[in-house]
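Listed features, source TrEMBL:
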type     : residues : note
DOMAIN   : 38-185   : domain 'Casparian strip membrane protein'
TRANSMEM : 39-61    : transmembrane segment
TRANSMEM : 87-110   : transmembrane segment
TRANSMEM : 122-149  : transmembrane segment
TRANSMEM : 175-197  : transmembrane segment
Amino acid sequence: MMSSDHAAIDVPESSAAVKGKAPLIGSQREQKRGINKGLGIADFLLRLGAITSALAAAATMGTSDQTLPFFTQFFQFEASYDDLPTFMFFVIAMGLISGYLVLSLPFSIVTIVRPYAVAPRLLLFILDTMALTLTTAAGGAATAIVYLAHNGNPNTNWLAICNQFGDFCQNVSGAVVASFVTVVVFMVLILLSGFALKRH
């Protein structure tokens, strides 16, 4: 009488099947490396754009000066950025941000050359967050002064000066806009760094 039980025979996996898995793992690793490298390239290009906007903000505000063509025996009507401590803080802050962005470029290059490096990305993530805070503070403070220059404040008898100092107001307004462009770029940089760190 024949038994209905069948013995299970383990068939070892062929060497061809084992070799077939290696290219799959390798392709996934190369794909991940390519994405990380692409993030590094995007980071570098965004930093170049942020340098341009930050320098433009600092230079535009730092050269904002207008003197009216009429004057009295005792007074000359002039508006300059250094008349207001807020605008001086803006110029110093944006200058510092520009310097930081230039110094951060080598670390950004490292993330391109070594896509799996964690330390440079983490360092840039922390420093970018601090730079974002400073840029936002400078831009926000300058925005308040620019608003008063355009609209004044009747409750405190602060008169709007942009009707007389049109060129000055145009320059400082452009500087504030450039600073907020830098803020947006920093936000994107932080998101990219966070995404890249999550992938490690």
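Heads up, the Cβ atoms here are built off N, Cα and C, so glycines get one too.
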Margin query: Using Cβ atoms and a strict cutoff of less than 8 Å, what residues sit near the transmembrane segment (175-197) while being 6 or more residues removed from its termini?
Written below: 36, 39-40, 42-43, 46-47, 49-50, 53-54, 56-58, 60-61, 64, 90, 94, 97, 111, 118, 121-122, 124-125, 128-129, 131-132, 135-136, 138-139, 142-143, 146
Check: Can you count helix, strand and coil residues in the domain 'Casparian strip membrane protein' (38-185) using DSSP?
Finding: 113 helix, 14 strand, 21 coil
